[in-house]
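Engineer: Structure incoming, see below.
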Amino acid sequence: MKIDLAQLDLNIRQWLAASRQQILLAMQSPLTVNTKSSRKDLVTNVDRMNQQFLVTQILAAYPDAHIEGEEGHEAKIDRLKGLVFIIDPIDGTMNFVKQKANFAVMIGVYCDGTPVYGAILDVWRNELIVGGPDVPLMMNDQRLNQPEDAPLADGLLGVNGPMLINNRLHVAEIALASSGPRLLGSAGIEFKSVALGQQVGYISYLQPWDVAAGVAIGAAFGLKVTRPNGDALALLEPGVVVAAMPQAHAQIMEMMNA
Ligand code: 2AM
Ligand code: CA
Ligand code: CA
Ligand code: CA
């Protein structure tokens, strides 16, 4: 299966620009906030609206595509066959509700299981990160330099709060071995920080739509994304994800599996 990458890039940039306008407009009215699995697991009317918008756009342009999105759409897909879009309409919903900043819209595109293109829109800052195995790493219209492959000791490390507090998989020790832990509350903003070279890595428990864009973008700059045991991700399974530049990734693996 072959996809026109330039056209895909154009489409996704257009959809996300429209998403951003709609989200900013919706933020001017009171949000409807509901809980899902727990009081910390939120969904708003804007999450749902943007998922619906993106699904409509994707299917208009790619009628044969399959879509997996956090806020439901069709039966969960169980394999990455054909053209698949994995979307998170608002990533960092808690930040969206509490801070009105530091949240993202993410789209990851896969062809027969292979990453093709990823996009992370930092809505508040209006910064769009895109990239893929055959798509250069860019922020808005500018090419980004390859982030430095720094040792863990010289880089900030994004971590999941509960994993840090509970020292799960030695994450507290790993964070102490870095230049310092950071907790941004949005997987998308964490991956963006790594792409910009502001963080050397990110460790968290994540769902498919939390990682799909980051994995595809990471292919543009040599990011390593694995399970704690070093295995490649089975993208449709939730689980702990270690995403880091190669040198730091190797050090994290060593500490996690000590
Ligand atoms: P979300 O806002 O789209 O749910 C920090 O909470 C990060 O972890 C966010 O990117 C959030 O994505 C994600 N996350 C994954 N599972 C979560 C859960 N059960 N509760 C809260 N956040 C979750
Ligand atoms: Ca959620
Ligand atoms: Ca998410
Ligand atoms: Ca979400």
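For all residues, glycine too, the Cβ spot is worked out from N, Cα and C.
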Engineer: Besides Glu70, Asp88, Asp91, which of Asp4, Asp210 does TrEMBL list for that Mg(2+) 1 site?
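Structural biologist: Same Mg(2+) 1 site in TrEMBL: Asp210.
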Engineer: For Ile90 (Mg(2+) 2 binding site), what is the tally of other C-beta atoms lying within 10 angstroms of its C-beta?
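Structural biologist: Cβ-Cβ neighbours of Ile90 (Mg(2+) 2 binding site) within 10 Å number 28.
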Engineer: Can you give me the residues near the recorded Mg(2+) 1 site, meaning same chain, not Glu70, Asp88, Asp91, Asp210 themselves, Cβ no more than 8 Å from the center of the site's Cβ atoms?
Structural biologist: Ile87, Pro89, Ile90, Met106, Ala187, Gly188, Gln207, Trp209
Engineer: At 10 angstroms around each C-beta, which of the binding-site residues Glu70, Asp88, Asp91, Asp210 has the fewest other C-beta atoms nearby?
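Structural biologist: Fewest other Cβ atoms within 10 Å, among the binding-site residues Glu70, Asp88, Asp91, Asp210, is found for Glu70.
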Engineer: Give me the CA-CA distance between Asp210 (Mg(2+) 1 binding site) and Ile90 (Mg(2+) 2 binding site), in Å, as a whole number.
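Structural biologist: Here the two Cα atoms lie 10 Å apart.
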Engineer: When DSSP states are folded down to helix, strand and coil, where does Asp210 (Mg(2+) 1 binding site) land?
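Structural biologist: DSSP assigns Asp210 (Mg(2+) 1 binding site) to helix.
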Engineer: Consider only the binding-site residues Asp88, Ile90, Asp91, Asp210: which of them have a Cβ under 6 Å from an atom of ligand 3? Write none if no residue does.
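Structural biologist: Cβ under 6 Å from ligand 3: Asp88, Asp91, Asp210.
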